[in-house]
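If you check TrEMBL, you get these features:
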{"type": "DOMAIN", "residues": "112-212", "note": "domain 'Calx-beta'"}
{"type": "DOMAIN", "residues": "347-452", "note": "domain 'Calx-beta'"}
{"type": "REGION", "residues": "566-591", "note": "region 'Disordered'"}
Amino acid sequence: MVKMTLSPAYAVEGTNQYTDLVFTATLVRAVDYNVTVYYRTIFDGSAVVTDLYRDYDGSFTILAGSTSATITLDTSYYDDVNERDETFTLELFNPTSGVTFQHNQPILRSPGIIQDDDGDPNLSFVVTDPIIEEGNSGERFAVFEVWLSRPASKDLTFDYTTVDGSALAGSDYVKTAGTLDFKTGQEVAYVRVAIKGDKLLEGSEDFSLQVVPPKGEGFSKTDSVGVARILDDDASNGPVVSIQDAYAIEGTNKYTPLRFTLVLSEAAEEDLSVYYRTNTSGTALDSDLYRASTGQVTFRAGQTSAEIELSTSYYDDVSEDDEVFFVELYNPSAGLELAGGVPVLSAAGYILDDDGTGSKAALAAAPVSIAENAADDSKTVSSVSIKLSRPLDAAQVFSVKAVNGTAFEGRDFKLLQDTVRFAPGQTEAGVKVKILGDFRQEKLETFELAFKHKFGADFSGSILNQTVSIVDTVAFTAGAESLRLTNFDDNVKTLGGGDEIFGLKGNDRIDGGSGRDILDGGAGNDILIGGGEADSLFGGKGNDILRGGKGGDKLYGDGGNDTADYTGASGPVRASLSKPGTNRGEASGDSYRGIENLTGSSNDDFLTGNGGNNVIKGGNGGDSISGAGGRDWLYGQKGHDKLFGGKGNDVLAGAEGNDRMTGNGGADTFIFDGGKDVILDFQDGVDTVRLDSDLWTGSYSVQRVIDRYGFDYGKEVALEFSGGNSLTFKGVAKLDTLVDNIEIV
């Protein structure tokens, strides 16, 4: 995969002329095919669509052998208002196969900055909104970029802190706070926040980074809060779709577009689709839209993003509060799951008023669905997202109380807080609730969160109750069960006994609990969890994940590309696909059929493949991973790992930690993206090293990387990057021999 970056664009606003805003998309190295990428403008900052010549969307192509292309947008023709520098976002999506975005994000964003020329003060800054796939364990990072609207005229210090939204510090991300220092002439600084992966069924979640400028410097706070979106990837073993809210200024002699962005957790391998419909149960009416709408969205094979474009009504000159309506996703095609595993997934469309004076901000958010916790789950806390339609300069505090519907407080849920606060510039916050699981089989239950403004200047807008739905899980007894599930995506956990569960079609998650279980996923990409005794797990067709747990289990993947997964093992695991008789720990006694891949635990594991093409992931411990024969992909993940490629042309990636990698013959590829790794048997002219371009700042050639970061120690050479990251080549005597063996991605 080749990485792409996107530079921001600056332009002075137009006064009797259109001014160019030029964004540059850059590949870290040239490729021998044309690269096409789609783009769209997102008005999520202080700029509105009328600040540009038009709302833009389209595509651009980087020709084979080239490394960059430009996207040129125009400002509006005339702006003589004395105002702050304004910002919007250009978003890239759906690149040609083989290209990925900086920081491995599913979409790539960069700010457009329109500089005011009509007087002072005009300084502003913008905090970007990263999007991250959650992952199942370990940590990923949300990288916030803080851009000044003009280069710093002197040294400046900003404070920052993370703020909970629907994502919670501790369980979803690592709370982070500190200071950012801008030197004279500097335009951008970065804040990295660690994301914690899990395997919970939950919707996509958000948290914020609040950045506070130095006092007395005249900075606007309008764009001072960035929002990180953590995409759910646990509702299915395949792609999971999330949807983002949309914003538009109401129409006055024109239709204004409302773009709802849909993002997949992974690229589709085949065409996938989902239906949508508008719901005007908020404060907006059908007449506030060009028309109510229903339809179907399709993701073509290889794509990760699509959009639903609606329009406001043509003319609205009434001075009123911002209004909100909802778009609902439902009935996804086979192989696609809605985030959180829910039957209906909603997003809010905000129509922002531009008539009259005073604050127009409304407090409202899309309805939320939460899967019921397991009955013995006393720890899981959910955070319900609530939003302001636009940022405000003053902090706002609202009281919150629960309103019973078909769900009752104390029986079905518990409200964990009675106030919610928005910092200046913050538009999203969260309300903590605990969903109380039970063994009853119930219909969909709902309750509401009601809000009342307590204090904070500039707020006089409408307040909409937030609707929360509890999605029931299948009920079981403590005895043996025999059950055929549905042809849809099922999620079940039994209570005990020797259960026999058949998943049929769909992407199912079946947890047998304690007892000697027989679990059959059937067709689809399934997750089967055996529990504490000797279980028999049959994946069936599709790419399945089989977790036997304790006891000697049968893990039979059969059709598809299947994985024996020991993620939850309480101690070290020794697992061999070729010699299962040598297994130890929770893998002891396990037998395999049709298993291609292995995933280790959080302990120090020994994992070995077979003669096929295996994907082996170590997990979080210090692991020893051997590929045996075939073309294997070995991932150390967290911990200090040892990777042995075996025969064949293998791919070895140590990932986090200080890893030692041995190719053992064949034309092997070593991937380095951080840590202190060592390659023990690098073969000049045979093996390849792929360096992650995030290890440095700027666009470097291979020769420049070697010249800048290379060190010769006699019988070995090393590339030593900032942050303590280094890659050592044992037995390589000269740095220059690496030039033709390194790729930058």
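Glycine residues also receive a Cβ, built from the backbone N, Cα and C atoms like all the rest.
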Task: Sort the residues of the domain 'Calx-beta' (347-452) into helix, strand and coil with DSSP and give the three counts.
output: 0 helix, 51 strand, 55 coil
Query: What does DSSP give as the helix, strand and coil breakdown of the region 'Disordered' (566-591)?
result: 6 helix, 5 strand, 15 coil
Task: Pop the mean pLDDT for the domain 'Calx-beta' (347-452) in here, whole number is fine.
output: 88
- request: Summarise the domain 'Calx-beta' (112-212) by DSSP state, stating how many residues are helix, strand and coil.
  value: 0 helix, 54 strand, 47 coil
